[in-house]
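Peer 1: First the structure, then my questions, so here it is.
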């Protein structure tokens, strides 16, 4: 995405094109009317990753054009939060003033939240020592006069924290506040305002549900915690250890006690639920204690594997959140044989790109 395509005046036209494309692609499944949730036109991304270019004494941010592969200089990054844009030039000037901080620096990552917290990760092609730490603390102290900021230094097999490596996001969802720990260098929803709308849509889809919820690919508990109030119990799976720990942190932060998170992949859980394998990680969990009538899946771009699709078909209600319309369509070729689409949504997580985040709610025929 080159920055000239970030065109707020053309946003509605581009969104209409996404809606038209999604409607055409899924017409074969005869879904209900598409619900569309727009993004803020600017400053919608809570994170950004920018390369750093060295040119003599000069130092500046760059990005690469995906088509031409040519680098271009970046002074501001309109998709990123206003906080990140305000910080970018101030941070760069301080880094430029320090030979220790600028030497072998090749990338700066930003992770912000709606409350004004920001984590800055400085990535290096060198090992970091005590001299680096002294300089990092110096510029942090300077930036704390203007920003609620923390720093991380990264190099090969090295990570140095200046206090902590996460922000606490606060989302307004269905009349309630939800708090989420979001850890640097792990997956989080990039578009906070669209995430709020996505969670509210999922809550509305499942509002009168019976029994329990099973969620695969739960991440940091983004959906599990928001939907917990609609179910007796929630059983959630996630393969990434930092995300599991973050989900447990978030449960405590929000006072939610009817969610259980287990560390295993969707494929492993399919084997467990089918009785094909026993897992030590499930030794304290009796799967028969859960009466899961509803399943939520939010898979990676590759979608659901064939065995997981078959397992998902056993549930009365399926809530499928997808970041890849092509794999969603492929999975629906099977799921639509046993289930009917009752809700169909587009969440514009990634404005000015071809990517569409979609949601479908299916009920067994």
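Just so it is clear, glycine is given a Cβ too, placed from its N, Cα and C backbone atoms.
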Peer 1: Please state which member of 170, 238, 284 Swiss-Prot lists alongside 189, 217, 222, 298 for binding S-adenosyl-L-methionine.
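Peer 2: It is 238, as the record lists it for that site.
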Peer 1: Please list, in sequence order, the residues in the chain of residue 222 (S-adenosyl-L-methionine binding site) that are at least six apart in sequence and whose C-beta is under 8 Å away from its C-beta.
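Peer 2: Non-local contacts for residue 222 (S-adenosyl-L-methionine binding site): 180, 189, 195, 199, 298.
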Peer 1: What is the interatomic distance between the Cα atoms of residue 238 (S-adenosyl-L-methionine binding site) and residue 357 (active site, proton acceptor), given in whole Å?
Peer 2: 20
Peer 1: Give the sequence-ordered list of residues that share a chain with residue 217 (S-adenosyl-L-methionine binding site), lie 6 or more positions from it, and have CB atoms under 8 Å from its CB.
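Peer 2: Once residues fewer than 6 apart are set aside, residue 217 (S-adenosyl-L-methionine binding site) is near 237, 238, 266, 297, 298, 299, 300.
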Peer 1: When a 10 Å sphere is centred on the Cβ of residue 189 (S-adenosyl-L-methionine binding site), how many other Cβ atoms does it contain?
Peer 2: 23
Peer 1: I'd like the Cβ neighbour count for residue 298 (S-adenosyl-L-methionine binding site), meaning other Cβ atoms within 10 Å of its Cβ, all protein chains included.
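Peer 2: I count 21 other Cβ atoms within 10 Å of it.
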Peer 1: If you draw a 10 Å sphere around the Cβ of residue 323 (active site, nucleophile), how many other Cβ atoms fall inside it, taking every protein chain shown into account?
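Peer 2: Excluding its own Cβ, residue 323 (active site, nucleophile) sees 18 Cβ atoms within 10 Å.
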